[in-house]
Amino acid sequence: MIKHHPFSDHPLVPQPPTITHQSPKDYIIDPRENIIIHCEAKGKPHPSFSWTRNGTHFDVDNDPSVSMKAHSGTLVVDISREKVENYEGVYQCTARNKHGTAVSNNIVVRQSIAFSALRALLEGSPLWSKEKIKPIVVQEGVSLVLPCRPPAGLPPPIIFWMDNNFQRLPQSRRVSQSLNGDLYFSNVRREDSRSDYICYARFPHTQTIQQKQPINVRVLNLDAINDTMADFYNDTDLFSEAPVDERRPTFLIPSGSSSSKMVLRGHVLEMECIAEGLPTPEISWTKVSGDLPARRTSFLHYNKTLRIVNVSESDAGDYRCTAKNQLGAVHHTIHVSVKAAPYWISGPPINLVLAPRENGVLTCRASGTPKPSITWSMNGIPIENSPKDVGRKVEDDTIIFTEVQTGSSAVYQCNISNDYGYLLSNAFVNVLSEPPRVLTPANKVYQVIKNHQALIDCASFGSPIPKITWFKGSRSISLDGDPYITHDNGTLEIHVAQAQNSGKYTCVARNSLGIYENHVHLEVKEPTRILKQPEYKVVQRGRSVVFECKVKHDPSLIPTMTWLKDDGELPDDERLIVDSDSLTITEVTENDAGVYTCIMNTTLDHDSASAELTVVEATPTPAVVYERPDPPTDLELTDQKKRSVQLTWTPGDEHNSLIQKFLIQYEDSLHHRGHWHNLTEVPGTRTTAHLKLSPYVHYTFRVLALNAMGFSRPSFPSRMYKTDPAAPDENPTGVEGFGTEHNNLVISWKPLSGFQANGPGLHYKVMWRQKALDSEWTTVTVANNSKFVVLGTPTFVPYELKVQAVNDHGDGPEPKIAEGYSGEDLPIAAPENVQAIIVNSTLAEVHWDPVPLHLIRGHLKGYKVYYWRKHSLHKHNPDHMEKDILTFSGNHTRGMLPGLHPFSLYSFNVRVYNGKGEGPPSPTQQFKMPEGVPGPPSSLLVSNPNLDSLTLEWGPPHDRNGHITGYTLKYQPVNNSNELGPVEEVALAANETSITLPTLKYSTRYKFYLNAKTVTGPGPAITQEVVPIMDEAVASRQVDIATQGWFIGLMCAIALLILILLIICFIQRNKGGKYPVKEKEDAHTDPEFQPMKDDDCTFVEYSDNEDHKPLKGSRTPSNGTVKRDDSDDSLVDYGEGGDGQFNEDGSFIGQYSGKSASRDTAEGHESSEAPSPINAMNSLNSFV
């Protein structure tokens, strides 16, 4: 018989079908998405698939809405054209090839009740009745129950109480929520008065939340109730009219003195007791018939709920809850009965691979409460209706196969059921007749280091299982004795490889159908050893130092020398010179001090050695020479006993540095010749050491002395001292148990060295037993190995392990018990009660219930949340399918999903994972992220700039993150010093994409800020700066005037006249008198005459220091302007229009029109502009 043949999955080997993946038995679907019913199988040849629905054949080809994936049995139902209800039912998948037929579980496909409720809500039918709930008035101190009564859901909704602001209502020992969602008050207080007690129900599958009508509760004392009775009598429920005194507890739930409850094995048991009373009672729990399981028990809701997870049969019995306050106590007893759906005792039946005329057994061993019934099928047909087979005998949960025949391969189904569930398992019997084959590559070369373990593979398959025989060289004698060990999988082991073990090896695989040979080669290499190690150095700063590292290695291996400083890479410094066998450091500094290590690596091994460098200050005068001590001499062994000996020696010269200690080393020439090991240390003042020894060792000793400069050279070795063999003093350490497959247990340990063996013939007693069953120990003897594989174990079961050392002289001490687990398998359950809570527009929190440990089937590593953004909630947005994964190590039950996109639809599921891998995902759920603030507008452009206006155009934000409710435009002027002026703000509608601003100042720089808004708030702004400019008509008029010939001539004449006036002014001032034209000035009455000031040569009356009055007949207007009459020539009359302006660059546009009152008013008499030529001409007319 072959169980789990290691190569039964080989592509050349025929194999009946095996179901590898299927949907869960109870498959709740989302009617908004296509239905996918999984069915995957393997086999050789690849199987074909068919389905039944509600017990009859389901014709996939005749239903246009149903398709089957290629090379798979997975069904995909397109619900876009059909109602989901049309595809609810019980489905079963069949996978068959010519060697047999495998069937899946019955998969019940149905939609959640919550989806039906959601549809009713969308069609206008409320989930909760909208009846008016009357206000409740209660007297302070009485008990109160606020009912919730949520709509039904599959799975049931999650209930919580909140207020109008969506804040959870506080709960305590006095106020708490029951398991059915009602809110209980053990006694009410005045502060419990509020009008917004709201019960919410969240349906996980639909990701919807429904709320009940708010409940108004008023708590009054007796006097207040009497005062307000008339006001509330008609529309208010009034409770407890009598005065409330302190009272002993009574139970609100459950009622009576006792009750009963049934729970299924492996499920969660929850019991609650809620009591009323004043003062508030305290709740406690006990188990009448035993102790509460501490590791599986928790108390919730302020001790009102007792919760036991992973219920077992031992949890059945009577539980008592006690409510107690100062006035007394009350008890309630709950009788718990535990039933069990069928469960495997030693795992499902294992596939059999048999050769013709071999025998085998299929076992389908399960338990349950009540005891389940077992039925067998072959290739999906009840076995009593299958073709008779004299070599097959059914005995309850076992099928016995005797001398199977070629062609009798089949898949057997074992169905175990009771009132609470069923188990269905497929196991094939594959009858093969295959000659042996060896899969290890031919002429493969194995290389090992001398004195190390050598393992040479011979991987093979065949039916019957081939027998493996090894030969070396000429094949004269098979290798079945010391030092060779042949393992069950065909591997040849040489525990301590030597040079003579090199050569060609032949692996022969033989069964009744043939022989197959394969040749491989073993090369045993010399170890790499450092012959001359670097030595401790003390070097003066500025000097050079050399560390030597001479190495011996196998000439066929390529060595690589590496140097480290303080376990790190050498500094990148040209002062450090690395040669093939040394390290040189020139011009040593203080930073060079440290530990230097040379490492010699080859492809097979390595060796290393270290030495310390100490840097000291250079001394100008000769100092005392300090050196390492000379080696000790005259080693002598005395007081020789079985387990001890006394060693004495004579110290060598100290060389001006006291000896700090002596190091004693030994060589074991029996087990490890050529290697020296540290044995003990003694202070430098002693020259004798009492040495404790081990049995069966050939000791040779040497001594090294240490002073401040380092160790001396070793002394010459002592004579050899041999100890007698004895039983082992210790057992192997590091005993571990783990599985490499789901049905095995690998027991491993750290083997004893030859030094620890204490004698010849070392081997190990390996013992194990299941921890929970407390059964007898199973024992095997293992030699020349450090592990043993136990096959056929149940999946992930705790074991107790012991490994004891034994040699030819007796057993070692009683070993300690270690614990381990058999192999893990993938988890078979997904987290339940998965839900997502929105924290803000970019952050969500995922919650889930932990997967029961027995369904994890391995060491819990943590949970993984797969989530992906389906699409934005804006219309016409494509789906995004890139998935993100967040891993939460350990036994977490919630995790945060950061960095989400606002206003988006997300899908997610949660998976538990163990050391083997991930379990199935929880049903994929969705949640919607709320709106967030939008991003900045995509663009902000300026168009149609004019003298005092411009137009702004913009595009909506790329990231809207919600519905845009409008835009805000702010703008302000900016002066030449980059100082900002007052801000103007304009509110814009969401559908606007441009605006014209008509009242801007020309030639002024403006800064604009534009941002978008959603209901959440405004987003970041986009900015733009611009300067309004003049239109081209005005600019062209300016150019036309400035280029006229008459204008140039006029300017020259004005300049000449001003020069003459300046000369006359200068002459008159030098004379110290008044102008000779004084009389004409006095007689002049022209009101437009402009006096000239002395400081800027404008016309004023000259006066000495005693006369500050203005010239007679002259007038200076208070606003600093000079008027002209109609007879005066105006340059404006020669232009192309009136009302000239000054351009910003000072160019002329009606510059000399004389109409500059506003400018003069702003600048005053301190203006630095030149005097107006028109005013000067008027003054000249009056002067002459």
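Count begins at 1; order follows the chain as displayed.
Just so it is clear, glycine is given a Cβ too, placed from its N, Cα and C backbone atoms.
The region 'Disordered' annotation in TrEMBL covers 1-23, 1103-1184. Annotation comment: TrEMBL describes 17-104, 126-216, 249-337, 342-430, 436-523, 527-614 as domain 'Ig-like'. What TrEMBL lists as domain 'Fibronectin type-III' is 631-726, 728-825, 830-932, 936-1032. The annotation compositional bias 'Basic and acidic residues' is assigned in TrEMBL to 1157-1168. The compositional bias 'Polar residues' feature in TrEMBL is assigned to 1175-1184.
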Subject >> Average model confidence [pLDDT] within the domain 'Ig-like' (17-104) >> reply: 91
**OP:** Please work out which recorded stretch in 17-104, 126-216, 436-523, 527-614 has the most C-beta pairs separated by under 8 angstroms from the domain 'Fibronectin type-III' (830-932)?
**Re:** 126-216
**OP:** Rank 126-216, 436-523, 527-614, 936-1032 by Cβ pairs under 8 Å to the domain 'Fibronectin type-III' (728-825) and hand me the top one.
**Re:** 436-523
Original post:
Top stretch among 17-104, 527-614, 631-726 for CB pairs under 8 A with the domain 'Ig-like' (342-430)?
Top reply: 17-104
Subject >> Helix, strand and coil counts within the domain 'Ig-like' (436-523) (DSSP) >> reply: 3 helix, 48 strand, 37 coil
Subject >> Helix, strand and coil counts within the domain 'Ig-like' (249-337) (DSSP) >> reply: 6 helix, 54 strand, 29 coil
Original post:
Under DSSP, the domain 'Fibronectin type-III' (631-726) has how many residues in helix, strand and coil?
Top reply: 0 helix, 52 strand, 44 coil
